[in-house]
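Annotated in Swiss-Prot:
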type   : residues : note
REGION : 1-64     : region 'Domain I'
REGION : 65-139   : region 'Domain II'
REGION : 139-143  : region 'Flexible linker'
REGION : 144-193  : region 'Domain III'
Amino acid sequence: MIGRIAGILLEKNPPHLLVDCNGVGYEIDVPMSTFYNLPQNGERVVLLTQQIVREDANLLYGFLTPQERTTFRELLKITGIGARMALAVLSGMSVQELAQAVTMQDAARLTRLPGIGKKTAERLLLELKGKLGADLGELAGAASPSDHATDILNALLALGYSEKEGLAAIKNVPAGTGVSEGIKLALKALSKV
């Protein structure tokens with residue numbers, strides 16, 4: 001399974017990307033939340049991915065944050081929600097907004113998303129309740145510890161640390177810290193473990 005892609009962004013045409021990794025071009029679909037935060041064509045990009053193998057296709061879905069990928073995976077577990085619908089949910093609202101809607105059992109908020117009717121919204125609320133995880137629940141009520149958390153996490157992943165280690169280390173980085181200083185603080189926290 002392909003869990004992460006790092007390479008040069010060649011093309012972006014919502015919601016599709018083409019990323020060159022050592023001469024191989026990977027087509028990746030991303031939610032709009034990820035799409036709007038991508039670098040320019042020709043720049044390096046790191047995406048966490050979810051590979052879906054079907055009888056007629058081998059598909060890759062990409063995300064800038066571990067929370068988006070985790071939420072995508074949880075959405076796929078729900079009956080009647082496929083990859084396209086899960087991508088539409090993450091394109092229509094942030095992970096924090098989804099976690100908040102689930103916590104508040106706000107079906108009306110979910111029905112505003114394209115392709116989500118009342119029954120589907122109620123199923124989402126029922127099946128996601130308590131499954132978004134502690135990290136996502138914390139995100140629903142609070143801002144991330146650092147404004148550059150995604151960049152810092154991607155750097156830690158590139159250095160070979162796991163997502164879990166990276167997320168734990170980022171909690172030690174104060175808000176407003178720059179990327180390079182944040183990486184240093186995160187590495188310092190990881191060296192103490």
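The backbone N, Cα and C atoms fix where each Cβ goes, glycine too.
Confidence over the region 'Domain III' (144-193), given as mean pLDDT on the 0 to 100 scale, stands at 78.
Under DSSP, the residues of the region 'Domain II' (65-139) split into helix, strand and coil as follows: 53 helix, 0 strand, 22 coil. Taken through DSSP, the region 'Domain I' (1-64) splits into 4 helix, 38 strand, 22 coil.
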